[in-house]
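**Q** Starting off with a structure, shown below.
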């Protein structure tokens, strides 16, 4: 059965003068009212996008799993110091940072709540893709993403209860455990298959990993662009939320790296913890917001997850670019040092040969 919406009232005089005043797709035009079919384009596009993203995400996590060795992964689970540091960052630093930013900028209570929801979300899977490109510890990255998603089932209600009490009744916030469960399944199952492929067919796993990392990078950008177009009507928002959306991911990356370094983790794991801290599951945040608040409240808060996702991606790309420049500089420097050492060795050998009448021993050949 087709659904109809009553459109705006038209001026009687203008209708009399112009019979085409009603929309072209109107099915009933009676007096000053026109009835037109409901436009479900955005809703349909959103459902299609969510379905495609879920499938693509599973395939990408399968490819990421192809870079994970079971022994190293299990080593992180048995000696979870890196995971523990990530846990402190994810459910300690991020909610506290969200709370302090909300206080500092004195945003509306409903806007403070959405900032806190973002801060309490688990790590996003995009961090695994970026961690691969910055030569991070993939075993630790996937371990942290999986564990933070599991811990979110208990830590999110606790953090939201503690931090949102001064702004709203925490019981008003609906946590979509089904969405968290879907995120967990889309993580664990494909990664497990990837680990199995890496164990059985290492050469094929490397090919799958390269393809998946490129597709994943493209998917991150496409998701941000499509999300911006899909919700283009929501971009009118308080400048304070734009500032918080810019500062929040930057603070997450910086504080995560700092805490990991203080904890004594090596540099490649510090980069991993930094990315896992700053990159949040923005899709989960959007789902919680849509389930918990009225359309009037959504107008004041719905755009924030989109803003955060844009700036977390932007800063991640800056980190990636900076690391690539640093790595290229280090490789060039290492090559120059090796060439210098080779020249010095050849000079010492030639001088030694002159002293000994051209004789070069077998040890120096």
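Placement of Cβ uses the backbone N, Cα and C atoms for every residue, glycine included.
Automatic, uncurated: that is what TrEMBL annotation is.
Annotations per TrEMBL:
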- 45-63: transmembrane segment (TRANSMEM)
- 83-105: transmembrane segment (TRANSMEM)
- 112-134: transmembrane segment (TRANSMEM)
- 140-163: transmembrane segment (TRANSMEM)
- 175-195: transmembrane segment (TRANSMEM)
- 207-229: transmembrane segment (TRANSMEM)
- 241-260: transmembrane segment (TRANSMEM)
- 306-326: transmembrane segment (TRANSMEM)
- 334-365: region 'Disordered' (REGION)
- 334-347: compositional bias 'Basic and acidic residues' (COMPBIAS)
**Q** Under a criterion of three or more Cβ pairs within a distance under 8 Å and sequence separation of at least 6, are the transmembrane segment (83-105) and the transmembrane segment (140-163) in contact?
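**A** Answer yes: the transmembrane segment (83-105) meets the transmembrane segment (140-163) with 3 or more Cβ pairs below 8 Å.
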**Q** Grab the same-chain neighbours of the transmembrane segment (241-260) for me: Cβ-Cβ under 8 Å, and only residues 6 or more beyond its ends, written as numbers and ranges.
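**A** Non-local partners: 82, 85-86, 88-89, 93-94, 97-98, 101-102, 105, 107, 111, 115, 118-119, 269-280, 303-304, 307-308, 310-312, 315-316, 319.
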